[in-house]
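Comments concern the structure below.
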Amino acid sequence: MYLPVGGLGNIWRFPYIAFQNGGGTFVIPYLIVLLIIGRPIYYMEILVGQFSGRGCLQAFNMAPVLKGVAAGQVLATIASITYYSSVMALTLRFLFAAFFPVLPWSYCRPDWGSECLNENSIENKTNKISPAELYFHKIVLREYDNIDEGVGLPNWDLVICLAISWFIIGAVLIKGIKSSGKVAYFLGTFPYIILVVLLIRAVTLPGAMQGIKFFFTPVWKNLINPMVWYAAVTQVFFSLAICFGTLITYASYNNFSRNVYNDIVIITTMDTCSSIIAGSITFGIVGHLSYETKNSIADAVKGGAGLAFITYPDAIAKFKILPQAFAILFFSMLFILGVGSTVGMGSCIIRVIKDRFPLISNWSLSMSLSVIGFMCSLVYMTPGGQFILNLVDFYGVSFTALILAIGELVAVGWIYGVKRFCEDIKFMLGINTSIYWRLCWSLISPALLLSVLIYTLLDLKPLTYKNREYPHKAHIIGWCLTTLGLLQIPLWAAYEFYRQDNKRDLKRKLLNILRPSPSWGPLNSHLHEEYKNQRLELQINQEKGKNIFYKINENIFG
């Protein structure tokens, strides 16, 4: 059984990425990317994992020359799990605060002075800041204005929350990924109930409809901005948990003959709905704050990764009846989704190690990952932690994942071949693959990703956080993270070439790393033998000696 593991990617990440990229200007590219990149890659990764029955690194035995793509994705997953766990820590911090008799983000404090928006005051409310926003930045994060002098020491209360988060992650990982299927129905329904109630509350606030209109109204001239398309692509990666190895790992536990076609349509549709609902809630609340403060919607709140911890609490604070109870429900939901997302990432990392060293116990790997992950995540608990989160997200995860996604499509679509991949699907599921999937895997998806990458590089500007620039050394560290992930491709290609039989000549060695390894195929020995016999029959019947154009046409349509 596999689960959609987007979780926090929909409710936490989607709203702030949409806010950063102009609301409706972002939604249209997001939906287009979902249909021609997100859904095809989601289906492809499920099929690869289910067919091979292995973790993401071993699954790339289909194209050994690009095994470094999977290695790079694992590194991106390691970077992701560190800051996803920090979001869980922030969620716990709000969850504990929700037990106060009065929600602490619902009122202004004397030391905040005149900048705080007091709804009960009769004074001019123009250009004020909501108490929820001030609470998040001044009380929870104790955030610095910049990190020119360093990030500071971790906040002790957030460190405690982080330790609890990693303890729970480790405990779930020890039980194993298969146990997560037991809570699938709960995770599939509970978040929607909470989100729908929040949506109803958000749309009833004064000014909310202006914010929602902003969310769905594109500025057409901005659709040519490559950074908007870049943001759409990377957000689809996070929402669907594709191109990080986690989906291949989950699918490797499926029954070999499970027909997943209908599943992927349902899951990707529900995933999109949760993102749109989360966006509507956020922009409805931002519209209300714009109405209250007389600011434009774009200036009503400060953007950044913490936007969800401003807008959702602000909406909850406006409940007239038992806001504490609903705050507890909401942050419990957000934390549970965080557990689902991080456990998926952690399972991917552990599976890669277990495939290589099967004698290492699951509990020792789980505990080691938890301890190391906790230590790495401490940097996000500092007053400059959100600066670091933004830096790692761009350089170590999003930008790297975009390039590796192109490599993954090249590996499956052209080195392994769409034709052979579709023959494998026929062997596994007994169904023929439509032209839509073939064209997306071979041409449309890689072409769009490559176009986005090229235009992003041409239009690349220094990274900022809430319009504040990073010191030069921060960018150097960021590019080092990107380089570490991308270097995996040539390093693993060299390793696969080196481990070939020394008696073979150079040409034969190169050809061998371009072909599936001898171990490639179904994990079950009986199915593996049957698969090898089928491949032998197909190779005998294949026409040889045709020109390159015939082979390209045959790969896509054959």
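Backbone N, Cα and C atoms are what each Cβ position is placed from, and that goes for glycine too.
The annotation Na(+) binding site is assigned in TrEMBL to Asn10, Ser239, Leu337, Ser341. What TrEMBL lists as transmembrane segment is 16-37, 81-103, 156-174, 186-208, 228-252, 264-286, 325-350, 362-382, 394-416, 436-456, 476-498. Under the heading disulfide bond, TrEMBL lists Cys108-Cys116.
Local packing around the recorded positions Cys108, Cys116, Leu337 was summarised as the count of other Cβ atoms within 10 Å of each Cβ; on this measure the leading residue is Leu337.
Reported as a whole number, the C-alpha separation between Leu337 (Na(+) binding site) and Cys116 (disulfide bond) equals 32 Å.
Separating the Cα atoms of Ser341 (Na(+) binding site) and Cys108 (disulfide bond) is a whole-number distance of 34 Å. Between the transmembrane segment (228-252) and the transmembrane segment (394-416), the number of CB pairs under 8 angstroms, six or more residues apart, is three or more, so the stretches are in contact.
Here the transmembrane segment (325-350) does not touch the transmembrane segment (16-37). Their Cβ atoms form fewer than 3 pairs under 8 Å, with each pair 6 or more residues apart.
Cα separation, Cys108 (disulfide bond) to Asn10 (Na(+) binding site), rounded: 30 Å. Same-chain residues lying 6 or more positions outside the transmembrane segment (362-382) and placing a CB less than 8 Å from one of its CB atoms are 81-83, 85-86, 89, 151-155, 158-159, 162-163, 166-167, 169-170, 173-174, 176, 346, 349-350, 353-354, 388-389.
A Cα-Cα distance of 30 Å separates Asn10 (Na(+) binding site) from Cys116 (disulfide bond). Two recorded stretches are said to be in contact when at least 3 C-beta pairs lie under 8 angstroms, sequence spacing 6 or more; the transmembrane segment (394-416) and the transmembrane segment (436-456) meet this definition.
The Cβ neighbour count for Asn10 (Na(+) binding site), using a 10 Å radius and every protein chain shown, is 28. Separating the Cα atoms of Cys116 (disulfide bond) and Ser239 (Na(+) binding site) is a whole-number distance of 34 Å.
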